[in-house]
Amino acid sequence: MSTHINAKMGDYADTVLLPGDPLRAKYIAENFLENVKQVNSVRNAFGYTGEYKGHRISVQGSGMGIPSMSIYINELVREFGVKTIIRVGSCGGIAPDVHVRDVLLAQGSSTDSAVTVNTFGPGFHYAPLADFKLLDTAYHVAGKLGIETKVGDIFAADRFYNDELDMEKLRDYGILGTEMESAGLYLLAAKLHFRALSVLTVSDLIFGDEKATAEERERTFNDMINISLETAIAGK
């Protein structure tokens, strides 16, 4: 048991899928895993452990933004020995060739969050990156499933509502999409020495009107979930 997780040691698998939305965690557990056990309910940040094709997998809701997510990552890794974390979440599409429901694999994550500066000090701009083996596996798994993915840089915003941010410049520099977590995930992976990858579904477009409904975000991002689960068990 930790401060924000009321599970026991051994309740979590070595690999955890980490959606921000606790209801998405519940959806994954109920629709993709077998022999499911709920292992966390503190603050309604639901956590579950079950089996996927005979392999033990956990899923844990982490909330919105780097500060909330960092709490769960630190406790999962430090207190429960988790070795691999795959973020499954939504993002806003930025690049011209990105469309709603596209699946993005975050090779790296730029950010305007102070988390990297607070870690390394001013003047050093750390570049948070995914685990290459996980990234490569996810890309090839998606191909075998017939799911097209786009691989590249994701922008992890410190604020959801940010009128000062120059989205056109992000687009010009090839940023695929924006969310609020991946840079923190990759930074903590480097610090705590676990494997990490963000697999994201585009829920809306920054430069367009197309968007997925809240219900669709919760229940129909199955391509992202299938890629993540197959990546989690690859080679086991």
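Along the chain as shown, residues are numbered 1 onward.
Cβ atoms are placed via backbone N, Cα and C, with glycine included.
Per Swiss-Prot, these features apply:
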BINDING   His4, Glu179, Met180, Glu181, Ser203, Asp204  purine D-ribonucleoside binding site
BINDING   Gly20, Arg24, Arg43, Arg87, Val88, Gly89, Ser90  phosphate binding site
ACT_SITE  Asp204  active site, proton donor
SITE      Arg217  site 'Important for catalytic activity'
Handout entry: phosphate site span - longest C-alpha distance across Gly20, Arg24, Arg43, Arg87, Val88, Gly89, Ser90, in Å
Key = 22
Problem - Cα-proximity to Gly89 (phosphate binding site), 10 Å cut-off, over binding-site residues His4, Glu179, Glu181 - result: Glu179, Glu181
Problem - Taking residues His4, Glu179, Met180, Glu181, Ser203, Asp204, which bind purine D-ribonucleoside in the record, the widest Cα spacing (Å, whole number) - result: 31
Fill in the blank from the handout: As a whole number of Å, the Cα atom of Arg87 (phosphate binding site) is distant from the Cα atom of Ser203 (purine D-ribonucleoside binding site) by 15
Practice task
Please name the residue among the binding-site residues Gly20, Gly89 whose C-beta has the most neighbouring C-beta atoms within 10 angstroms.
Solution key: Gly89
Problem - Distance check against Asp204 (purine D-ribonucleoside binding site) for the binding-site residues Gly20, Val88, Ser90, keeping those with Cα within 10 Å - result: Ser90
Fill in the blank from the handout: The binding-site residues listed are His4, Glu179, Ser203; by CA-CA distance, the one closest to Arg24 (phosphate binding site) is Ser203
Exercise for the section: Only counting partners 6 or more residues apart, tell me which same-chain residues put their Cβ under 8 Å from the Cβ of Met180 (purine D-ribonucleoside binding site). Expected result: Gly20, Met64, Gly65, Ile66, Ala156, Ala157, Asp158, Phe160
Completion exercise
Looking at the binding-site residues Glu179, Glu181, Asp204, the one with the fewest other Cβ atoms inside 10 Å is Asp204
Problem - Glu179 (purine D-ribonucleoside binding site): nearby binding-site residues from Arg43, Val88, Ser90, Cα cut-off 10 Å - result: Ser90
Practice task
Work through the binding-site residues one by one (His4, Glu181, Ser203) and name whichever has its CA nearest to the CA of Arg43 (phosphate binding site).
Solution key: His4
